[in-house]
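According to Swiss-Prot, the features are:
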BINDING   63-70, 131-135, 185-188  GTP binding site
DOMAIN    54-238  domain 'tr-type G'
TRANSIT   1-29  transit peptide
Amino acid sequence: MLAVRRRGLRVLAVAPLRVRGLATTSTEFMEGEALTPKTVGPYMSERLEEFRPERIRNFSIVAHIDHGKSTLADRLLESSGNISRQERESAQFLDNLKVERERGITVKAQTASMLHRDSKTGESFMLNLVDTPGHVDFSYEVNRSLSACEGVLLLVDCSQGIQAQTLATYYAAKERNLHVVPVLTKIDMPHAEVDDSILSLSSLLDVDPDEVLLTSAKSGDGINDVLPAVVERLPPPVECDPAAPLRCLLVDSYYDDYRGTVCLVKVVDGAISPGDKIYSAHQKTKHDVQETGLLLPGRYKTKGLYAGQVGYIIAGMKSTTEAKVGDTFFREGAASADLKALPGFQEARSMVFASMYPTDDSSFDELRVAIEKLTLNDASVTAQQETSGALGMGFRCGFLGLLHMEVFHQRLSDEQGIQVMVTAPMVPYTVIDPNGEHLTVETPGAFPESTKYYEILEPMVEASIITPASYLGPVLALAKEKRGVQTNLVYLEDERIIVTIDVPWQEVVTNFYNELKTISSGYATLNYREIEPQKADIVKVDLLINGKVLDALSFVCHRSRATPDGRALCQKLKRVIDRQQYEISIQAALGGKIFAKERIAPYRKDVLIKSGKTVGGGDSTRKKKLLAKQKQGKRRMRTVANVQLSQDAFWSVLSK
């Protein structure tokens, strides 16, 4: 059977589909004319009430990072007439952020409504597509996108095969009882392993090989089969009642400079129109609906949204903090009519914390405004003002993961033009004091100096690593070095192995991913999920410069790593701190005891030479007075002077 499919692929490779032919699914809608980006909006708006729940399909594209989700989404948008060929070829249409296009990743989930006509029955269907991020840090975005869907396209790059995040998104979809359509992409690549990928899907995920779609978003091969499969194999919105009182699910939100918060919603029951007054089930707030519409993916205003449909509403919210993802909206006055909020509400929880300080103290207000603007579009970032003795005023920010932190840092520079100093990331620890009280510690400064009478709970994750069998030894060695415990080992058909380990979350955010890629020559992939915290011997290491503790450079680690990490940090700081006219002493302390020290020697001016001549001639008393005066001046300078620390000093902590 696989051999037959392989022969079919060869035929496709010889005669690839023409891009112009991709729009066939949209023909004959308007007296024989295909829909275009200018006509698709008016056509759908005029017939919006005709799209009952049974003629709607809500679906997501899920996959590992860089497996081609956004590229496939652009192809589908082109095939349905939402975007032109030129728009599709110029850039990935659903990736709007500069950081997304520079890194080639999706950070912010986007949505687009499409129109498709069934060639067999002639019926037209509304297809609502959600393009989701692929990196594990943004699994929160993936999960909230899945809450608005009844099915997913599980995308697998057949040149790379099933990866760690592929499995994670598949299981997330199955937990929600979503229907899955497997799709292989990049079949036109020279090193594509189509047969092996189909076998892996069949054995690992129990997928019928005959149901796997074969596509190439780059060349257009197989794209015409995707939307018909969505209509035939995915169910319509379930438990939707057009006659029931309004209930709609808040899926996402973003901030518009002119209109305020734009809410992406799925209407579950009833209908919503401009002028309606709505009530938030979790926020307990009331809002007036000013505008409703579809995302095509640009906003297109409509006279309402109906049961089963996904679109946007503008309700006069001034900030995305008023729009909690997963919230339920009722019509005002109906909250007392025994209506239940839709399940799945869960606030994003920060997993990594780091402090951000302006490079110039006078730029603090600019940094505050910049962070406020970015958090309007990313409600999963938390920011709290703090003060450091060494760096002045700044913000303690919480993120979903290390990549999330790096993306936020880059957006501050790209979009707001703000340069900041970022401290080493830290995960939240639970400290149990002698009275049994549980405290969550997010900064090294709040960590107890001595843990003799305290119990520390360390956050843990279950990490799934897919690696070629030849790299199993180095991967297990890395896991042991990071205090990981192996819990499972599964062999795949294509000489790859799934290794499951329980590992401290702090070890994962501290360069674990880069080291894994290095030892596996880039072949290993990583996915993780949070599990129960465990007791651990965690201590705080203080960094002192000229006897002063710098809270911004202190860090928390396991006791076994305190001495080597502290020594390494002192040595790195010695290399990045500029030499001064006075001696600089760099020390690392644990529990008040110094265990590592580095010295930066001062510049020495020869005070015994003036204008090329020796001062005092042969008078030794005069020379001793000059040397003693110089020594006293250097001691005074060391006492009152401040050592200037660059961003390199903080990144040396980050890469320890």
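Note that Cβ sites are derived from N, Cα and C of the backbone, with glycine treated the same way.
What Swiss-Prot annotates, mapped onto the structure for a quick look.
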residue	record	Cβ neighbours (10 Å)
Ala63	GTP binding site	24
Asp66	GTP binding site	17
Lys69	GTP binding site	27
Thr132	GTP binding site	25
Ile187	GTP binding site	23
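Lys69 (GTP binding site) falls within a helix when secondary structure is assigned with DSSP.
Averaged across the domain 'tr-type G' (54-238), pLDDT for the predicted model comes to 80. DSSP assigns Thr132 (GTP binding site) to coil in the three-state reduction, placing it in neither a helix nor a strand. DSSP classifies Ala63 (GTP binding site) as coil under the three-state reduction.
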